[in-house]
Amino acid sequence: MLRTVLLSKIHRATVTGACLEYMGSISLDAQLLAAAHILAFEQVHVVNLNNGARLITYAIEATAGSGAVVLNGAAARLAAPGDRVIVLAYGQGTTEELENHQPRVVHVDTGNRIVACV
């Protein structure tokens, strides 16, 4: 049996933009993606701490060092610049494969700069 577990998360990132006319996704600073071990086009869940909205989309890479956290397409209706969000990536494995699994947590400041990776 496969179990679904948290692989990684970017904790309390600040939304920097919302682009309704873009085709979809969440644009994330390439440094954040790398630190969280999230691949471009990987499915992610986004939780908005300001309004409680939860959504599923996919990550796309924004310019490294830009601090970008931009909700695109329909997701742009669920967040506004300045909102705080948690970006979560999940994976599956057997009980044996996951025995020693620990999720990667990337903590950021209000400018979306990495302050700690646990």
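The backbone N, Cα and C atoms fix where each Cβ goes, and this holds for glycine too.
Taken from Swiss-Prot, the feature active site, schiff-base intermediate with substrate covers SER25, and the record attributes it to sequence analysis. Using a 10 Å radius centred on the Cβ of SER25 (active site, schiff-base intermediate with substrate) and all shown protein chains, the other Cβ atoms total 19.
Less than 8 angstroms from the CB of TYR58 (active site, proton donor) sit GLY24, SER25, ILE26, PHE41, GLU42, GLN43, VAL44, each of them six or more residues away in the same chain. In the three-state DSSP reading, TYR58 (active site, proton donor) counts as strand. Annotated active site, proton donor per Swiss-Prot: TYR58, in sequence order.
According to DSSP, ALA75 (substrate binding site) sits within a helical segment. If you take the C-beta of ALA75 (substrate binding site) and look for same-chain residues 6 or more apart in sequence within under 8 angstroms, you find ALA18, GLY24, SER25, ILE26, VAL46, LEU55, THR57. Positions annotated as substrate binding site by Swiss-Prot: THR57, GLY73, ALA74, ALA75.
If you look up Swiss-Prot, you'll see SER25 marked as pyruvic acid (Ser).
Maximum intra-site Cα distance, substrate binding residues THR57, GLY73, ALA74, ALA75: 10 Å. For GLY73 (substrate binding site), the same-chain residues that are 6 or more apart in sequence and have a Cβ closer than 8 Å to its Cβ are CYS19, LEU20, TYR22, MET23, GLY24, SER25, THR57. For ALA74 (substrate binding site), applying a Cβ distance below 8 Å and a minimum sequence separation of six or more within one chain yields LEU20, GLY24. In sequence order, GLY24, SER25, ILE26, LEU55, LEU71, ASN72, ALA76, ARG77, LEU78 are the residues of the same chain, not among THR57, GLY73, ALA74, ALA75, whose CB sits within 8 A of the CB centroid for the substrate site.
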